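What follows is one structure encoded as structure tokens, with my remarks underneath.
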Amino acid sequence: MSTGFFGDIAKIKYEGPDSTNPLAFRHYNPDEIVGGKRMEDHLRFAVAYWHTFTWPGGDPFGGQTFQRPWFEDTMQAAKLKADVAFEFFSLLGSPFYCFHDADVRPEGKNFAENTKNLNEIVDYFAQKQADTGVKLLWGTANLFSNRRFMSGAATNPDPDVFAFSAATVKTCMDATKTLGGANYVLWGGREGYETLLNTDLSRELDQLGRFLNLVVEYKYKIGFEGTILIEPKPQEPTKHQYDYDVATVYAFLQKNGLEKEVKVNIEQGHAILAGHSFEHELAMANAFGIFGSIDMNRNDYQSGWDTDQFPNNVPEMALAYYHVLAGGGFKNGGTNFDSKLRRQSLDPQDLLIGHIGGMDCCARGLKAAAKMIEDGALSKPLSERYAKWDSPEAQKMLRGELKLEEIAALVERDDINPEPKPGRQEYLENVVNRYV
């Protein structure tokens, strides 16, 4: 049944690249076969509950601009928000959604009331999922908005906050399992510091490692079959976050013996904040074997902060999905639109239009990436560039069969005096442009 929030808008359909209908897909065709697989199954789109239905449209210099009928902290409002959300998922044809606990339930006066409220809304979501066929890509706990978390959650100097945070994550993992979630995400928005003057770095990292081990242990205890994901971000809201980027997360996982247990959820905007490209972080995750899922958005390159805009750059998407596909594609993960409207975008249609544009952009990027892989457009030049490493002597060096002094003797014996080979960057950039 329609809530009326979106008026008489019908389900969004694919109309092809010549369509000028703003409420239609021009490139995203769920059933189109790309690289032997349905486009919908490649991309696994999800809608972010927080930015789409909870964000009030504020910024550091101004408050709420959006007027939503569910903007009250009551269970009745939470259920109305759920009604609108699942109507939105159905109109858009999004197969998945994601949420924080605080996005979906009213705030209680204590932990027990929060848990009661979450359990009630989980039951409501379960029925909505059954009615619509929409699934949960991942759940997570908001351990950063409430003032109790201002000095961190797992890394807080107060063990009571650590305990409260651990208990909250337990209930959110239970909720995620109940709803059949494919993943559980940890984002350490307050797990970092503002100044080292009041920070015991070693202690906080040990606390964070213990916390993550507790999460993994509980995953096995309850039989949760999804993937545990960490979402890297270098800063904002803290000056420095401990999960700075993919490489930092991998070092942290190795230190705590969790590199086989936890993967990463990579957000494009966070990669940019860390001084990386999106494809850099995806390639690093593949290299370390910890790629899990992506949060799709973009930052304004001039602003210098996390603007969470919908993607609109096809070449960027092509290179991103190239690395997703090169790593074997999504398994439990997907493409979550961690994107929000601009605060002047007041019309309910804007929610649909933003997602439609983002989905079309991703679809174009996916098709370009799949074609590049099919043609070997980048992989063939790459194989040629490293071909000499396949020689017997090179393989001996790589396998550790030659000691340093033996390598030195080999260079002297064979009078090895290498000349540089061309990198062909301009050629490869032109190749990519042919596909997009």
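Cβ coordinates come from backbone N, Cα and C, glycine included.
Secondary structure from DSSP puts His100 (active site) in a beta strand. Positions annotated as active site by Swiss-Prot, on the basis of sequence analysis: His100 (among others).
Around Asp103 (active site), the same-chain residues at least 6 positions away in sequence with a Cβ under 8 Å from its Cβ are Tyr49, Trp50, Phe53, Thr54, Asn142. Among the features that Swiss-Prot reports, active site is placed at Asp103 (among others), with the record citing sequence analysis.
The Mg(2+) 1 binding site feature in Swiss-Prot is assigned to Glu231, Glu267, Asp295, Asp338; the stated evidence is sequence analysis. In sequence order, Ala48, His51, Glu267, Gly269, Asp295, Met296, Asn297, Asp308 constitute the residues six or more apart from Asp338 (Mg(2+) 1 binding site) in its chain with CB-CB distances below 8 Å. When secondary structure is read from DSSP and collapsed to three states, Asp338 (Mg(2+) 1 binding site) falls in the coil class.
Residues or ranges marked as Mg(2+) 2 binding site by Swiss-Prot: Glu267, His270, Asp306, Asp308.
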If you measure C-alpha to C-alpha, which of Glu231, His270, Asp306 (binding-site residues) come within 10 angstroms of His100 (active site)?
none
Glu231 (Mg(2+) 1 binding site) sits from His270 (Mg(2+) 2 binding site) (Cα to Cα, rounded, in Å) at a distance of 9
To the nearest whole angstrom, state the Cα distance for the pair Glu231 (Mg(2+) 1 binding site) and Asp306 (Mg(2+) 2 binding site).
14
Three-state secondary structure, His270 (Mg(2+) 2 binding site) (per DSSP)
helix
Could you find out if DSSP has Asp306 (Mg(2+) 2 binding site) as helix, strand or coil?
coil
Around Asp306 (Mg(2+) 2 binding site), which residues of its chain at least 6 apart sit with Cβ under 8 Å of its Cβ?
Lys233, Glu236, Gly269, His270, Leu273, Asn299
Most Cβ neighbours within 10 Å: which of the binding-site residues Glu231, Glu267 is it?
Glu267
